[in-house]
Amino acid sequence: MTNSDWMPTASISQLKQRATLLRQIREFFAERNVLEVETPAMSHATVTDIHLHTFKTEFVGPGYAKGSALHLMTSPEFHMKRLLAAGSGCIYQLGKAFRNEENGRYHNPEFTMLEWYRIGFDHHALMDEMDALLQLVLRCGSAERMTYQEAFLNVLGVCPLEEEMRELKQVAATLGLSDIAEPEEDRDTLLQLLFSIGIEPKIGQITPAFVYDFPASQAALAKINPADPRVADRFEVYFKGIELANGFHELDNPAEQLARFKADNAKRLEMGLTEQPIDYHLIAALEAGLPECAGVALGIDRLIMLALGEDHIDKVTAFPFPRA
């Protein structure tokens, strides 16, 4: 530790600009009558996604001598959907999320997330609204849009929905990724590798890029597209090589959602990962009735970094992980 390690990594000027942008975001939703909510940062259940790693703690207060396991939330999604099912109407949240993963230029274990849900919207309507928010905060032009399939065909010349693993690995070889790709047996992991290395740096350079209709196997909590069951009603947003957001036309079928959670846990066990506790409160909320809606999660630290022309999230956050 040096004598200056107590100092914030962002300048006071940048922190003031950050506060201004957060105020603009809140005004954006207030003008649209979207309610701001707060949900727990800790939960008894957590995500089952094989790509997400959580922080775990334990409550040992009165009545819990043996301890009660808790997870810091990777997203407020599950709690917010319970509010939607309870009749909250359209809602948003600006708050902290936690992921026990990377720390670096675009990652901090504790970060600020904006998540919102719009009743009566599908993912295309939500993309329209997000486009308006991005133009406000980033002062950029309207976003370009492409399907996941179009992104692969236009940039890599390969169809992600139809090509065999052999062809996908050949594309990986042209990108210098043979050592990683050749032993890979999971199709989605290989597709994600090709997307992150081969496509992300080449889209959304002038204006943000919306990529939608991801493979059904990557649906997560999104509906399967009724017109093309090969794809899910899911989108992601990229700008200047950085992933900003992930959105869904939200799945409202409790049986299907529970089956996906269980399939995730089965895959976790196959991979030698810990099985995660399923959120049965969410399943009960879906059984009670989730209104037709779309939702999206947006990384605020990355958004503000881009808005202020910085190249590292440490320059727009006060105390990142090394100084926390």
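Placed from the backbone N, Cα and C atoms, the Cβ positions cover glycine too.
Noted in Swiss-Prot for the protein shown:
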BINDING   Ser75, Pro76, Glu77, Tyr117, Glu250  substrate binding site
BINDING   Arg99, Asn100, Glu101, Asn108, Glu243, Leu244, Gly299  ATP binding site
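Structural mapping of features recorded in Swiss-Prot.
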{"residue": "Ser75", "record": "substrate binding site", "Cβ contacts under 8 Å, 6 or more apart": "Val47, Ala97, Met113, Glu115, Ala297"}
{"residue": "Pro76", "record": "substrate binding site", "Cβ contacts under 8 Å, 6 or more apart": "Thr39, Gln93, Gly95, Ala97, Met113, Glu115"}
{"residue": "Glu77", "record": "substrate binding site", "Cβ contacts under 8 Å, 6 or more apart": "Glu115, Leu221, Gly295, Ala297"}
{"residue": "Arg99", "record": "ATP binding site", "Cβ contacts under 8 Å, 6 or more apart": "Leu52, His53, Thr54, Phe55, Thr74, His107, Pro109, Phe111"}
{"residue": "Asn100", "record": "ATP binding site", "Cβ contacts under 8 Å, 6 or more apart": "His53, Thr54, Phe55, Pro109"}
{"residue": "Glu101", "record": "ATP binding site", "Cβ contacts under 8 Å, 6 or more apart": "Leu52, His53, His107, Pro109"}
{"residue": "Tyr117", "record": "substrate binding site", "Cβ contacts under 8 Å, 6 or more apart": "Met80, Lys81, Leu84, Cys90, Ile91, Tyr92, Glu250, Cys293, Ala294, Gly295"}
{"residue": "Glu243", "record": "ATP binding site", "Cβ contacts under 8 Å, 6 or more apart": "Glu200, Glu236, Val237, Gly299, Arg302"}
{"residue": "Leu244", "record": "ATP binding site", "Cβ contacts under 8 Å, 6 or more apart": "Leu134, Pro208, Val237, Tyr238, Leu298, Gly299, Arg302, Leu303, Leu306"}
Under 8 Å Cβ to Cβ from Asn108 (ATP binding site), same chain, six or more residues apart: give me those in sequence order, or none if nothing qualifies.
Asp301, Ile313, Asp314, Thr317, Pro320, Phe321
Identify all same-chain residues not among Ser75, Pro76, Glu77, Tyr117, Glu250 whose C-beta atom falls within 8 angstroms of the centroid of the substrate site's C-beta atoms; report them in sequence order.
Phe78, His79, Met80, Lys81, Glu115, Leu221, Gly295, Ala297
Given the binding-site residues Glu250, Gly299, which one has the fewest other C-beta atoms within 10 angstroms of its C-beta?
Gly299
Which secondary structure state does DSSP assign to Glu101 (ATP binding site), in the simple three-class scheme?
coil
The record lists Arg99, Asn100, Glu101, Asn108, Glu243, Leu244, Gly299 as binding ATP. What's the largest Cα to Cα distance among them, in Å, rounded to a whole number?
19
For Glu250 (substrate binding site), which of the three DSSP-derived states applies: helix, strand, or coil?
strand
